[in-house]
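What follows is a short report on a single structure.
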Ligand SMILES: Cc1cc2nc3c(=O)[nH]c(=O)nc-3n(C[C@H](O)[C@H](O)[C@H](O)COP(=O)(O)OP(=O)(O)OC[C@H]3O[C@@H](n4cnc5c(N)ncnc54)[C@H](O)[C@@H]3O)c2cc1C
């Protein structure tokens, strides 16, 4: 049953008609519980509230299915605008982005040009930018672009997904760059040709990657809501005397709020991934796919309006 609902919501996440409808109706379908509004101005009070509670943030201007150069340029402007807003408000926030939203499916040159503009703006204010990882067909290109840009911009991170067979080798290849990596299980529908089909193996591989990256001395973001992963990390850092300023936990906005607060109280750095924007549909559907309990959560959101 769980597998069916997962596949169903991952299938819906790619539906462009529903995506258009969602844009028309706004975030009223329970999405506002996990999305920080449609503009950076709406997201800013949420960022400030999280900061006030001792939590760090990374904001992501939601955007997928970008098909024109003009749209990719607008997304670039929006990223730069969010960087300026973070700096103006003195907020504790990084920025996350997806290369497809900057034109990856149109041309590599366009993405590189847009990334230079964003990274130069971010460097002015010492704000870190993380490139989210999308589906496996874009993984190689994304990591190549990361490697090219990281040499020039130290404040650049990216994501490695433990469901992919290739990730162990990717960690080896990224290691000489002293990368800032967010390690996750992976959120897309992938075939058994490229990804572990069994959840147990995905979980084991995430533990393996966390251990390897931390013991290699690289700053690591552990992005998971899973207690088993969080407990594993706590034990690992204790056994290996890894100080708290060498890693952070990351969770999505609206997920496991009590755990986020508890970890911060215990002295761990916790970063909340806060998406905002009109294009919330694909993100929302992937979260429903991950956890059936989120469906009840979303339905309560709709009916309590
Ligand atoms: C900050 C952040 C950034 C991410 N960036 C990317 C990215 O760039 N690319 C990408 O592919 N994926 C990304 N992901 C998504 C990630 O790949 C997983 O799909 C997602 O985090 C679900 O896996 P999990 O480890 O959280 O727990 P799961 O494996 O989904 O769940 C394991 C257990 O954790 C507990 N749990 C999980 N969720 C909840 C909840 N909401 N409330 C209570 N308990 C819960 C339950 O006990 C559950 O059985 C990101 C995730 C986070 C947190």
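Here the Cβ of each residue, glycine as well, is placed from N, Cα and C on the backbone.
Annotated substrate binding site per TrEMBL: 98, 286, 287, in sequence order. The number of other CB atoms found within 10 A of the CB of residue 286 (substrate binding site), across every protein chain shown, is 17.
A C-beta separation below 8 Å, combined with a sequence spacing of at least six in one chain, links residue 161 (FAD binding site) to 133, 139, 167, 184, 185, 186, 187. DSSP assigns residue 161 (FAD binding site) to a strand. The FAD binding site annotation in TrEMBL covers 133, 161, 185, 186, 187, 199, 224, 225.
According to TrEMBL, the feature domain 'Proline dehydrogenase' maps to 46-297. As a whole-number mean, the pLDDT of the domain 'Proline dehydrogenase' (46-297) in this prediction is 95.
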Original post:
Taking the binding-site residues 98, 187, 287, which residues show a Cβ-atom distance to ligand 1 below 6 Å?
Top reply: 187
**OP:** Note the Cβ centroid of 98, 286, 287, the recorded substrate site, then list each other residue of that chain whose Cβ lies within 8 Å of it, in sequence.
**Re:** 13, 187, 275, 282, 283, 284, 285
**OP:** Based on DSSP, name the secondary structure state of residue 133 (FAD binding site): helix, strand or coil.
**Re:** coil
Original post:
CB neighbours of residue 225 (FAD binding site) within 10 A?
Top reply: 17
Original post:
Given residue 287 (substrate binding site) and residue 224 (FAD binding site), what distance in Å do their CA atoms have, once rounded to a whole number?
Top reply: 13
